[in-house]
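Some features that Swiss-Prot has for this protein:
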BINDING   Cys15, Cys19, Cys32, Cys36  Cd(2+) 1 binding site
BINDING   Cys19, Cys24, Cys38, Cys41  Cd(2+) 2 binding site
BINDING   Cys26, Cys30, Cys32, Cys41  Cd(2+) 3 binding site
BINDING   Cys45, Cys57, Cys63, Cys71  Cd(2+) 4 binding site
BINDING   Cys47, Cys51, Cys53, Cys57  Cd(2+) 5 binding site
BINDING   Cys53, Cys65, Cys69, Cys71  Cd(2+) 6 binding site
Amino acid sequence: MPGPCNCIETNVCICGTGCSGKCCRCGDACKCASGCGCSGCKVVCKCSGTCACGCDCTGPTNCKCESGCSCK
């Protein structure tokens, strides 16, 4: 049985302490912020330098980095 934070499997998002609903971080139905403490709320999206992944990034297939940055 997957954990409550494994949103990709359960499609139910329970964000950890300090998480906001600003950006989607763990699947289309989930709105955990990048600092979410839940293990299932992490996505692999590598942007160049110190640039962060954009709000539309839900995984490697649709990685969107901040303006002026490139995705690896």
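Cβ coordinates are placed from backbone N, Cα and C, and glycine is handled just like the others.
Ranked by Cβ neighbours within 10 A across all protein chains shown, the binding-site residues Cys47, Cys51, Cys53, Cys65, Cys69 are led by Cys53. Geometry remark: Cys65 (Cd(2+) 6 binding site) versus Cys47 (Cd(2+) 5 binding site), CA distance 6 Å.
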